[in-house]
Amino acid sequence: MADFDINILGCGSALPTTRHLATSQIVDLRDKLYMIDCGEGTQVQMRRMRIKFSRLNHIFISHLHGDHCFGLPGLISTLGMLGRNGELVIHGPKEIESYMRPVLDIFCKGLPYEIRFNLIDPTTHSLVMEDRSLSVYSIPLKHRIPCCGYLFAEKAKEAHIIREMTDFYQVPVRMMQEIKRGADFVTPEGEVIPNARLTRPAVAPKRYAYCSDTAFHPSIIPIIEGVDLLYHEATFAECDAARAKETFHSTARQAAEIAYKAQVKRLVIGHYSARYEDMAPLKKEADKIFPGTILGEEGMRLSV
């Protein structure tokens, strides 16, 4: 079982190539799957990576450019053919429902499951969804059309019971949940046993930030500060910085600057322009600012 993994299905940009697939990722938190963006080829890559379709319940769309959403109709149709009956929630800017409803009416009539659209304001940093395992927040980005990234914040886990100590102090089973949540134990004689003697701290919760597509945008730094893993688009090399500015994209160096200033633990870059056959120069540029930058690739699994 994956504890908290990121699966990169595609890390190319708008123009299709034989080197990269259009953008899509799967966040796997203890076998709960959350998709970010859904470009062409997404479901084929899910097959290649042996990702279970049935465990996908939420899809987060950053913006309405085709390389981030053209894979949705096919995936939705496939889920129906696989006999899905549970609700699928699609989160994204209001335009996502306007795009998908006519497509669903034509190609996906009679689906055996419900699709619900959770429409968000991509210009604000706000809570998008939460369940027992994590909270997901929007990250306002700077692109040619309304666009947001997503911050996946794992919820704090309960402390681990030290069985030898709870047995020694004869802590009743009915009190174990309270102890896990931080309560002290009072013995029948009135002695207070501090929680720290009865439990071990759980592993600190992790956070993952996805930022694509965007121009260089320092305003996101307070939102992503200190995250365990940051995916930031790096469409262009520094020699094409003028083109990056014109198209509201980032260079690899700019992605690294954001990571450095936000003091993130690790950086992975992607969304490469089709003009580059070799991505090594992008990594080299990023490494100068943020050493150890990871060059995103299709099929890559990263532990947060």
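Note: Cβ is positioned from N, Cα and C throughout, glycine not excepted.
Annotated Zn(2+) 1 binding in Swiss-Prot involves H63, H65, H143 plus, out of the candidates D3, D5, D184, D213, the residue D213.
Of the listed candidates (H125, H271), Swiss-Prot assigns H271 to the same Zn(2+) 2 site as D67, H68, D213.
Of all the recorded positions listed (D67, D213), D213 sits in the most crowded Cβ setting, with the most other Cβ atoms within 10 Å. Sequence-ordered, the extra residues of this chain that approach the Zn(2+) 1 site, with Cβ no more than 8 Å from the Cβ center of H63, H65, H143, D213, are S62, L64, H68, L141, R144, I145, C147, S212, T214, F248. H65 (Zn(2+) 1 binding site): 20 other CB atoms within 10 A of its CB, across all protein chains. Rounded to a whole number, the distance between the Cα atoms of D213 (Zn(2+) 1 binding site) and H271 (Zn(2+) 2 binding site) is 8 Å. Recorded residues D67 (active site, proton acceptor) and H143 (Zn(2+) 1 binding site) have their alpha carbons 14 Å apart, per Cα-Cα distance.
Most buried of the binding-site residues H63, H143, H271, judged by other Cβ atoms within 10 Å, is H271. Rounded to the nearest whole angstrom, the C-alpha distance between H68 (Zn(2+) 2 binding site) and D213 (Zn(2+) 1 binding site) is 9.
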